[in-house]
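According to TrEMBL, the feature compositional bias 'Polar residues' maps to A:1-11. According to TrEMBL, the region 'Disordered' annotation covers A:1-20. Marked as transmembrane segment by TrEMBL: A:86-104, A:109-128, A:134-152, A:159-182, A:202-229, A:274-295, A:307-330, A:355-372, A:454-470, A:476-498, A:590-610, A:630-647 (among others). Sequence annotations record features per position, and here TrEMBL assigns domain 'ABC transmembrane type-1' to A:155-334, A:472-651.
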Amino acid sequence: MSTTGTTTPRSVATAPRAQEPAGRLRALLRRPAARRLLPLAAAGAVLAPLAHVLWGSEAWPDALSVSLDGPLRSAGDWIVDNRDSHWLFLYFFGYVSAGLIAAVHAVYVVLLALGWAGVTAGAALVAWRAAGVRAGVTALASFAVCGLLDMWVPTMRTLALMVVAVVASVVVGALLGLAAGLSERAFRVLRPVLDTMQALPAFAYLLPVVLVFGIGVAPAVLATVVYAAPPMARLTALGLRSTDRGVLEAVESLGATPRQRLLTARLPMAREQLLLGVNQTIMMALSMAVIASVIGADGLGDRVYQALSTVDVGAALAAGIPIVLLAVVLDRTTSGRTSRAVVPRGGTSARTRTATTWALGLAAIAALALTVPDTWPRSWTVRIARPVNQAKDWLVDHLYTGLPGIGGTADWAAHYTGWIVDPLRDTLQGLPWWAALLLVAALARAIGTWRTTATAVAALAAIGVMGRWTTAMDTLSQVLAAVAATLVLGFAVAVAVARSARTERLLRPVLDVFQTMPQFVYLIPVVALFGVGRAPAAAAAVVYALPAVIRIAGEGLRAVSPGALESSRSLGATGRQQLLQVQFPLARPALLLAVNQAVVLVLSVVIIGALVGGGGLGYEVVFGLARGDLAVGLVAGVSIACLGLMLDRVTQPTKGAHDAR
Amino acid sequence: MRAKHLAAAAAAFGLLALTGCGAADMTKQGSPYADAAGAKSVTLSVQSWVGARANAAVAQYLLEHELGYRVDTVQVDEVPAWDALSQGRVDAILEDWGHPEQEQRYVRDKKTVADGGGLGVDGHIGWWVPKYFADAHPDVLDWRNLNKYAAQLRTPESGGKGQLLDGSPSYVTHDKALVKNLNLDYQVVFAGSEAAQITQIKQFAKDRKPFLTYWYEPQWLFNEVPMVEVKLPPYTDECAAKGDKDPDSVDCAYPTSRLKKYLNAGFARKGGDAASFLKKFRWTKRDQNEVAQLMAEDRLSAEDAAERWVKRHPDVWKEWVA
């Protein structure tokens, strides 16, 4: 898709930074980044006037756009007309779909047969054996709460879908990762693909699968797999490629065959990365499984989606809590293994003991499954929707407008839109198109390679070629404003976290919860607080992206060597000087990574923000999904992908760094 | 070695595809959650607006408690719901606002969807202002005077023009064309979903601020925020014909349409009691609003709201299950 962008002469471009004051210029020139920008500046100085003369200096010129409406519409019609007769659907997609449905059905039937007691006990047993007593208790309590909230059946449906999606993602991801880890050529091919997928908002995936498979569980599982497999592939490849050469040579000199080398040396040594990959895949699958309710995935996501259509924050929360609990349980259970990996394998007695525990545990689960009735007892449920809604109404009544001194949330929303986003949008939309490309090239080149620069520029150009320039600039302005807000807040909190271990301990569980909450749940309270429009979308985006920023920046700041801090203090630096001149520069890689994450996460929510009036590209995707209009939805989806790719490349500091999320 | 494995896998897959079970027709694949405990099950499509949810709630309650079915509901937008209906992923749409293109394709050409009769409710789309605003400025009710009020209806999102609030992109709307063709000094602002639109309307009403919104009848929100319709140029057949050819040329009001039910063709033939029940399902605007309001305003669950209505109006539904 982005290759269409290379038809423009803009692949090489420049920095408009040349008119800086001379003193600073010289200082800048001493830095390698500035020196790298020089060739760009030269190329831009030649090409920009040329572009201006040929195509003018407004938004993207029509002469360089290609309308895909016609072909896409007929492709969409063709698929709908041939879906029940063409061999491609009958003999390929049909099997894929049937297989997925059968798998989900099988898992669901097993879960139902186990009953609530069996499932709860089973989850507790697995969590306990995998990650310790605390994880076991967490699992037990979490499943009990799901039942208490009267969400047992939806939880089981989501769990069934998740099990199938995660297994498929891990298998697909591990196979791709294995190929990339063992073959240099496969790695070179896969890497940009995986990088790109990492930056794509979940919403962009939905329309193509819906078109081929219709709505339902099968397309939901597929969209989830496409979204969740890349981290597994990345981390598998990373783990295999970072195997210690010395060990490999030693194994080889012992005469091991390639297969033995892989199974006995490389895979075991990549164990930590593989487990991290599984963990990330699970977390991403869960977040996608919720969004996929838009295309007919049943379960908890559907409950949230339905609650949103009646502005029922309480009911949305009742379905949102089980999602968070599932996330916490899955996260604790799978990340707990990493630390246990160092425990040496015990002798025979330890192994028999483990076997006995499992046997006893399984027997107990079987007994529970057989004796306790399958459905969660109705009298044991708690309805939280009403009190939650009352609390929300109270908050809205008291915060919406007319707070003395600071105004209400409605006023903030108006100021945010009128003073920040609108001017920014008008600036971006008024920017000559070649200047936008130059700016992107300069930003990307300043911290990246020629290749990332070319990708960023090509991605932005592709948006123009597809005729979505103005809309994309609207979305971009929302992203930039929200990212700025996120970074200011995030870095401030991160500094506090880095200074005090107690703040960190207090904040950690809060951050955990916020990071795993489905984006959907955020949308309605922000509408109540900020009205409809771009402000609520931004608020949701900031809340969603903050935890990652705080965590990464906080860890980076804390990792600054105490020695450096100590010596700066002995030189008489004030707290402020220390922060700005020692901590921030030393933590630069982590801070850049935080920026990168903020951009990617904010974009994903700004897109979903179309559901609350955010407009822009997200609105076109919603429109496309709602009307089954491939021409609008797919082009917007691809534009979002390009925008995400561009933003990622512009903010991606060094290769490989953003694997550590 | 790997090539050999691949070839073997491909051969196995090919054999499976050819000999095993023949074609895998996606239209024969239902939901994996259906029939899980050996029950007869029906899947209803629920659209995002509350009226449609009210239909589904009552149908679900009666199917489960009177006819012994297990009912699954799936929330889908209007056009994808047609698609799902044709594929058999859902068995019925209970409230359709008129999709001529889909009717042509699925009902008449492919014959995968069957007409399920009328719902008994007439639907009407239009532009509305709150009653308190119309009482103070009665002339706002004629579209020719709308420009006079544009300044009062300005919001941060409408960029210096008056705001015409629209809801979900999935709803039938020509508002952009209307604003352009009637030379109105307004900007169409999409709330993005009906939930967001309702929240916004309620927020305006609480502060007694004026607003102009795309809205439709029947809708429970009228009970809470009384609104009056703004008269647009009258709907005519010529205007409709023009609009069918070029949607950007529409310059008249929306028609009043008879809301209809549609069933999956196979389900309509072989669906037994459930299919005949859904064909007979027919009620009034008042009934629908009663259930919708219980759900959306009093925050009853769909099941509780349906139960309450069913207890109160046995005379209406007895003949559906007969």
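Here the Cβ of each residue, glycine as well, is placed from N, Cα and C on the backbone.
Owing to the predicted nature of the structure, the values given are computational and were not obtained by experimental measurement.
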Given A:86-104, A:109-128, A:202-229, A:307-330, A:476-498, the one sharing the most C-beta pairs under 8 Å with the transmembrane segment (A:274-295) is A:202-229
Leading contact stretch, A:134-152, A:159-182, A:202-229, A:454-470, A:476-498 vs the transmembrane segment (A:86-104) - CB distance under 8 Å: A:202-229
Contacting positions for the transmembrane segment (A:630-647) when only residues 6+ beyond its ends and CB under 8 Å are counted: 1-2, 5, 68-70, 72-73, 75-76, 196, 199-201, 203-208, 211, 440, 455-456, 459-460, 462-463, 466-468, 471-472, 475-476, 479, 599-600, 603, 607, 617-618, 620-621, 623-624
What residues elsewhere in the chain lie close to the transmembrane segment (A:590-610), defined as a C-beta under 8 angstroms and at least 6 residues from its ends? 198-199, 201-204, 291, 447, 475, 478-479, 482-483, 486-487, 490-491, 494, 519-520, 522-523, 534, 536-538, 540-542, 544-545, 548-549, 552-553, 555-557, 559, 584, 616-619, 621-622, 640, 643-644, 647-648, 651-653, 657-658, 660-661
May I ask for the residues of the chain that lie six or more residues beyond the transmembrane segment (A:202-229) and have a Cβ under 8 Å from a Cβ within it? 76, 79-80, 83, 89, 93, 96-97, 100-101, 104, 161, 164-166, 168-170, 172-173, 176, 281-282, 284-285, 287-289, 291-298, 604, 607-608, 618, 621, 624-625, 628, 630, 633-634, 637-638, 640-641, 644
